[in-house]
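Below: the structure, in structure tokens.
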């Protein structure tokens, strides 16, 4: 009886074994190792030297570049994510009205998200926004005149934000699924009551979609904090001009692999984790004021 | 329920994404050293002591592009034929991946026996006991009878030799004489000074062309300091080596003015230059480039017009000039076959047949015999570079010691303030002060 039960369990453990081992070796242990390293000075060559809280202290008191990278990242996340979500919702609503060939459109609009994080697209972006690139040519035709995207820190950051907006596909798909789930009867009833499109959007679409907006907002915020490839490629690994695109993870990478300060970089990673966790908690806490759950009968 | 699922998903995402973060490599730009040449030879490799020798396997690592990988493999094959008891396992990668691979190998005590080393990393690896001191092998493994002392000492840190110079480079200005005529000059005067440079940059700006594409601050400011009898880093590497900020103000004031006059491009323009093909000199928008001597060959080939080279501005050119090792050959401290490793390095440096394959691609050969032997096989541009190095040997002084740990961060500070000055966001006076403060804070870490 007991051996039987053990056998049954053993089969189960055998199935999850590979994952558990992989998780321990490649995720759990490194996570705790990095926590330990964050309290040390570690250059990869010599044994880590215990520093206590020095790395953390330096970050907030004696490292102007850290403050700069934090500022740039906040601008990037809180400028980029809402715009990206708004754009994703906009496209999703357009697609929702299309009757024919919706599968094709969905695929086409989703494509940038698949390739958007890649090195090739970042290089393309560099060229598009170059002094003689396509974007400036269009601006000139419109009579606005060219922008020197690589000279102004803020302009360069916007270049990155535009790239992130362009990768709206995954949020768009989720929005689209959400839109399809809103019962048509609600709109019909509203139509009978004489509500126009604007009313319908704000009184029906947005509330019905709010759980999905929350989900997308959290996922996209977390993802945006981790952005690395575009900043690395577009600024050639430097975060320029004048540290205007020095995103958090790029600065972390530079600390770790250019300056060989693994301890400091680990400390930065943990602060990043805390920041992301804190913002996620805030978003969840704010949910009760604006997220509408149909399943519980509404708030 | 929904909320819970989302919470869990959010958390797993935080962790998995965080784990993804470091997987991406991109292209940190580097100066791939190379040089000129072809060769005729002495024969110093292959020892003929006879008798059975114990089989030895050496691991050898280098960075470089495809042409370098190809000929290096051929050199290895040549060596293995002459020394049947030795097997060499090559490990090569591009610049970026190379250093990312080397660091963990060092951490695991598994460095290759023979390592191609760079000036920017030799302090890091040398002072952390990763590299063997090559001093005992001089003329006892590595034949240095035809190599100048200043050249050998390029790999010295304190009294230890952590790398053997694989080739030589020197700083120059490369220019297009036809473009220079546009500002009313046939050639750069032999005894030109920084004052002449200021004037030329202004004239070029007025004529609507660039005089240059800017100067790498850590390289050319260092030259400027040397001209004034100062050094960028103190001997112990714990602080800046110059104490008069006026030198910083004068030098960066000058390069800033060149930008404001239009004679030198703003950093955003330079950042968009993708390769030699894009260089203003090649596109006939600029007169000159400040760079290393080996880069002349590439520039000349792409421009496909007669270009000229010239020493840097004076005064005190000799004090400022130095010969830079384009790269080093190092032997790892954990190697079990240091003597065999050193023999291979000797072959690479001194063997003429081997150097006929290398053709100075790793910088002008350090051995005078090899250099002479290669000369008949060189293209005219390569001869110019070789001749310049010969001239520079007489007209230069000992190179500064390799950069201290933290130099990468100091270089980044240079870049930051150089950009801010060129965009006119900060005055050279302010930048001098801030740079000193921050650079000293970085270097002070070496005190422990």
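Numbering starts at 1 and runs along the chain as displayed.
Any Cβ shown, glycine's included, is placed from N, Cα and C.
In TrEMBL, the annotation transmembrane segment applies to A:107-125, one of the ranges A:107-125, A:126-144. In this chain, the transmembrane segment (A:74-95) lies apart from the transmembrane segment (A:267-291): fewer than three C-beta pairs between them fall below 8 angstroms, excluding pairs fewer than 6 positions apart. For the transmembrane segment (A:12-39), the list of distant contacts is 48, 50-53, 55-56, 262-263, 266-267, 269-270: same-chain residues at least six beyond its ends, Cβ to Cβ under 8 Å.
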